[in-house]
Amino acid sequence: MARTKQTARKSHGGKAPRTLLATKAARKSAPTTGGVKKPHRYRPGTVALREIRKYQKSTELLIRKLPFQRLVREIAQDYKTDLRFQSHAVLALQEAAEAYLVGLFEDTNLCAIHAKRVTIMPKDVQLARRIRGERA
């Protein structure tokens, strides 16, 4: 089909029929009176990707300090009672634990991707630990 040059045309104004304007106005006003505006929702996966980028940029500890400290004390009681911890010792344990978990989740994600999945499963964690030689 040949392309034609568009030229400006002068509009020949005139009044639109009253019935058409009335129906347009009725259509515009109808949904606003009875309808409640739905809250905005992002598409599935958008927020997850945003969180991934946020946590990959950050360096702060992700596990809360007090619950981790209680866990350390609870585990330490099995070996020796009345143990005391310096605050720096608990922080060092937390840094090491989080570094280990991040690495484990990276390997777990690779196992899931290898299985042509995007969701990690317990079997991926088990495989990652088995390959690392942590659990025979």
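Residue 1 is the first one shown; counting continues down the chain.
Placed from the backbone N, Cα and C atoms, the Cβ positions cover glycine too.
Keep in mind that what you see is a predicted model, and the values were worked out from it rather than measured.
Features reported for this protein in Swiss-Prot:
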type	residues	note
COMPBIAS	1-15	compositional bias 'Basic residues'
MOD_RES	LYS5	N6-methyllysine
MOD_RES	LYS5	N6,N6,N6-trimethyllysine
MOD_RES	LYS10	N6,N6-dimethyllysine
MOD_RES	LYS10	N6-acetyllysine
MOD_RES	SER11	phosphoserine
MOD_RES	LYS15	N6-acetyllysine
MOD_RES	LYS24	N6-methyllysine
MOD_RES	LYS24	N6-acetyllysine
MOD_RES	LYS28	N6,N6-dimethyllysine
MOD_RES	LYS28	N6-methyllysine
MOD_RES	LYS37	N6,N6,N6-trimethyllysine
MOD_RES	LYS37	N6-methyllysine
REGION	1-42	region 'Disordered'
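In this structure, the C-alpha atom of LYS37 (N6,N6,N6-trimethyllysine) lies 44 angstrom from that of LYS5 (N6-methyllysine).
LYS5 (N6-methyllysine): 4 other CB atoms within 10 A of its CB, across all protein chains.
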